[in-house]
Amino acid sequence: MIPLTCKLKLPSLVIKKGGTQDPHVDNGDENPERGNWTNKREYILSTIGYAVGLGNIWRFPYLAYKNGGGAFLIPYFVMLVVTGIPLFFLESALGQFCSQGPINTWRAVPLLQGVGIAMVMVTLIVSIYYNVIIAYSLYYMFASFQFPLPWSSCSSSVDRNCSDTPIGAVFIPCSADLSVSLGGQSSPQTPSVQLQGQLPSDWKFVVYFTATFPYVVIIILLIRGVTLEGARDGIEFYIGSQSNLTKLTEAQVWKDAATQTFYSLSIGWGGVMTLASYSNFHNNVFKDSFVVTLTNAGTSVFAGFAIFSILGHMAHIYKMPVGQVVKEGFGLAFIAYPDALSKLPISPLWSILFFFMLLTVGLDSQFAGIEVISTCLLDAFPNIFKSKRALLTSTTCAILYLLGLPCVTQAGIYWVTLIDQFVASWVLLVLVLLEIIGVCYIYGGNRFIKDIEMMLGHKSFTFWLWWRACWFFISPCIIVILIWSVMTFTPPRYGEVQFPVWGLALGWCMVVFILLWIPVVALYKLMRTKGNPWERVKSLCSPSEEWHPYLDVHRGQRYSEERCRHRKKHTNRPEVNVNVITSSWL
């Protein structure tokens, strides 16, 4: 905890820029310029809401079923311990230490500041199609306010995209009129779902509901599911006696476990750093990282029981094996599970609850995505945006709304799949690998541990042995193996529809656009730094003068001495322009 005397002295230590008080900053905040979470509960719920996304609901249960059932939990929790928790802890500590977003945190290693920009670009592009998934959930939720449910049977003989055949026996190429082929058979139509409204600029109070309500719904669906006939068969397929330990000898199982760990914790997106940057400096980030990561993993396992218990009931009705009614990804959330819910008594109630849960889960993740974008702009240009935060957030939402319109045409589901397969894939692994190299090998792992000790207030050499092993060796090796394994490119598809060549080319253009920021920013900084090539690289691999805790009261003697050495070096060697990052990124 921060001593009361520190809190009383803070206003005199911080110089307000521009003389304008941010309306979203409370006068009792430790950091009056940026603001802080009102309490630890807000931070924990916000981070859990961000980490627990739609992938926990529809991706983990399918992976567990596909990779040996209960046996899949072994590689999943192993990967969680050796990669997920260490990297989540690293990103959280990095953001909390400097109280900056994912771009300005790279003041620690200015040469790699393009990594931070690339993270924001990933979040920006993913936020476009995340809006669309939220719109799908909203559309289905309102469509559920009728009995019978519109997808429970085919009432119109003219609907060519409708079939009463069990979904496991036929591929349905069109779902809720949201998709047609991208290959030119049909041109995109006007938007079939309109995204209206905007996210509030200060969403930290909303998260109390959106972060907790999904658990209420999952519990309700689980209780209802286990009372249904055939539920036992579904749970057996998910994690019961169908578990196959021989699957542990397959490399694909471990690869799926590792990638699910990365994606479910949202590592490499910039959101973890952003949310942690609003924590108090002496917050116990180590404890919080464990709470969030273990809650995230538990949610994935728990949601699987609710999903498969009801799918087991549907398989019982259709008199089919459970494996034939299970679908992956969007198909599970918007085809298989809605079909299963339509077979229950009072089916509209269960359908409304399910899609409202998807809506709240999606909104939680989208809240953090918007916060990443707005925080980076606020950190870079505080004099411009500090007093206009509501306008900045509204403008960001409006731009994302416009960019997402092509994704809600009749070809929209293909655009969503294309972005998801190319952007939210191995690009993140590359960014996380560069993050580890930058923090642990260039900035210095031991130095970073000292920074964490400044926040936690205690030292323990044996405690840090494990984190050194993970950060320096285990996690980088696993990421390199994953990158190597996914380099065997398989063109994405939606159902049985393959993407045309120009669609794949567009996907690769998005990948290049994201990764290109890294060499471009590095080259730009090298050109602006004086000295010979070695001096330029060395200068940009050293922390900038503005790399330190945000408030003077937290910098202590260590960073005061480093600043003096930095200035002395700059004075004695004027030919070398030590990189100093001001309010701008470049």
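In case you wondered, yes, glycine gets a Cβ from its N, Cα and C as well.
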Further Na(+) 1 ligand in TrEMBL, beside ALA51, VAL52, ASN56, SER264, ASP364, SER365, within candidate set ASN31, ASN244, ASN284, ASN296: ASN296
Neighbourhood of SER264 (Na(+) 1 binding site), C-beta criterion under 8 angstroms, separation at least six: ALA51, VAL52, GLY53, GLY55, ASN56, ARG59, PHE60, ASN296, ALA297, SER300
Cα-Cα distance linking GLY49 (Na(+) 2 binding site) and ASP364 (Na(+) 1 binding site), given in Å to the nearest integer: 5
Long-range Cβ environment of GLY49 (Na(+) 2 binding site), under 8 Å and at least 6 residues apart: VAL207, THR210, ALA211, VAL361, ASP364, SER365, PHE367, ALA368
Cβ-centroid neighbours of Na(+) 1 site ALA51, VAL52, ASN56, SER264, ASN296, ASP364, SER365, 8 Å, sequence order: ILE48, GLY49, TYR50, GLY53, GLY55, LEU265, SER266, THR299, VAL361
